[in-house]
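Below is one structure, written out as structure tokens; the observations come after it.
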Amino acid sequence: MGKEKQHVSIVVIGHVDSGKSTTTGHLIYKCGGIDKRAIEKFEKEAAEMGKGSFKYAWVLDKLKAERERGITIDIALWKFETDKYNFTIIDAPGHRDFIKNMITGTSQADLAILVIASPPGEFEAGISQNGQTREHALLAYTLGVKQMIVACNKMDDKNVNWSKERYEEVSKEMDLYLKKVGYNPPKVPKVPTSGWTGENLFERTGGDHALGKWYKGPCLLEALDACDPPKRPVDKPLRLPLQDVYKIGGIGTVPVGRVETGVIKPGMVVTFAPSGLSTEVKSVEMHHEALTQAGPGDNVGFNVKNVSVKDLKRGYVCGDSKNDPPKGCASFNAQVIILNHPGEIHAGYAPVLDCHTAHIACKFSELILKMDRRSGKKLEDSPKMIKSGDAAMVKMVASKPMCVEAFTSYPPLGRFAVRDMRQTVAVGVIKSVEKKEVEGKMTKSAAKK
């Protein structure tokens, strides 16, 4: 074994019928973790159920119930390799209710592939004021996914037929929007693709093909390989937000999540915030292999001693008891940008916050100041209200214990989305946190250390 390739997490985003799952499934089918026999079985099942065109998307539908409904819900983790990287795909679904999933999923991604449907009418629907293309791109940026690739998909559609004009029109429109969001458009490759036929996904299209005649850029895999390697904050203290907690027969309690900063290893004493519970880590596993240490970007399960499943919850944060352990917060100050709220927001507003894997109602207890969203300059102290388009510094108080951090110290734990009325009404970045001291319980194994 040579040096292990670096892991890169991808989130695939885009409007509901852009072809995300088909493109993703095709990638995994060709380059990754699914054996050919399983695919043949899927093909047969899909055909029998009259969903032949969902063949590759089917690859991503692990659950029987999901299959019959024809939509992908679970944020599934799937792997494939290129010459340079080991990619893990977090399949983020595109239906409106799943934006919450997307927020917690996206905070794990190093790179976003934004899949857009090129056919006339479909592209416009995705980018319209209430289309998901816009919202997904904005969320990805705010949640710290700084690298993006746009796949101009469904180029094989009979109304597009690999048209250079349509590709240029769609690319130009996307550039305008991506610039507004904060991306630098020349740095975002726009790759014409067909998730269904596989054209320009894995290799460049030859000159005899309608696309090859005018397109000389990279295929999707080449664009992925050309991404910058993510910088991993290994030297920071451990922060690992829990995504789930399992009880596994014969093993015990196994919290699961992604290491955001620092490292976790067997024998370490860890503290969970906001409860303050401390215990010893027995073992750490990734993809069913025991590890001596896991670092930033690794999705792991770890076994903890003498802890009941009831003591841990999704949204809790695990850290090193001896090195800046995480704590719950009494309140925090955040810079918030209001995206789409129909009315005025006053002090006392209490929407749901999605921060890392936590999902908790928080009150805007004080509107501290209103600012210019581009320059950050102060416009007004203690505004009476804020509305769509405004940026403000706000003091927030959570309705129940939660653990967050300042964005400058621990970026993945310092950004959040504000949800209300089933949509994302605002996004924010945490500037400072007032920590809460708690007397946490310590298990016997932790006390010995």
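Just so you know, glycine gets a Cβ as well, placed from its N, Cα and C.
Between the listed ranges 60-64, 70-74, 265-269, Swiss-Prot ties the annotation region 'G2' to 70-74. It is 91-94, from the ranges 43-46, 91-94, 371-374, 411-414, that Swiss-Prot records as region 'G3'. Region 'G1' is the annotation Swiss-Prot gives to one range among 14-21, 126-133, 230-237, and that range is 14-21. Swiss-Prot assigns the feature region 'G4' to one of the listed ranges (65-68, 153-156, 313-316), namely 153-156.
The CA atom of Lys265 (N6-methyllysine) is located 30 Å away from the CA atom of Lys400 (N6,N6,N6-trimethyllysine).
According to DSSP, Lys400 (N6,N6,N6-trimethyllysine) is assigned to coil rather than to any helix or strand. Each residue contributes its Cα atom, and for Lys79 (N6,N6,N6-trimethyllysine) and Lys400 (N6,N6,N6-trimethyllysine) these two points are 36 Å apart. If you measure from the Cα atom of Lys400 (N6,N6,N6-trimethyllysine) to that of Lys310 (N6,N6,N6-trimethyllysine), you get 16 Å. Neighbours of Lys187 (N6,N6,N6-trimethyllysine), defined as other CB atoms within 10 A of its CB across all chains, total 11.
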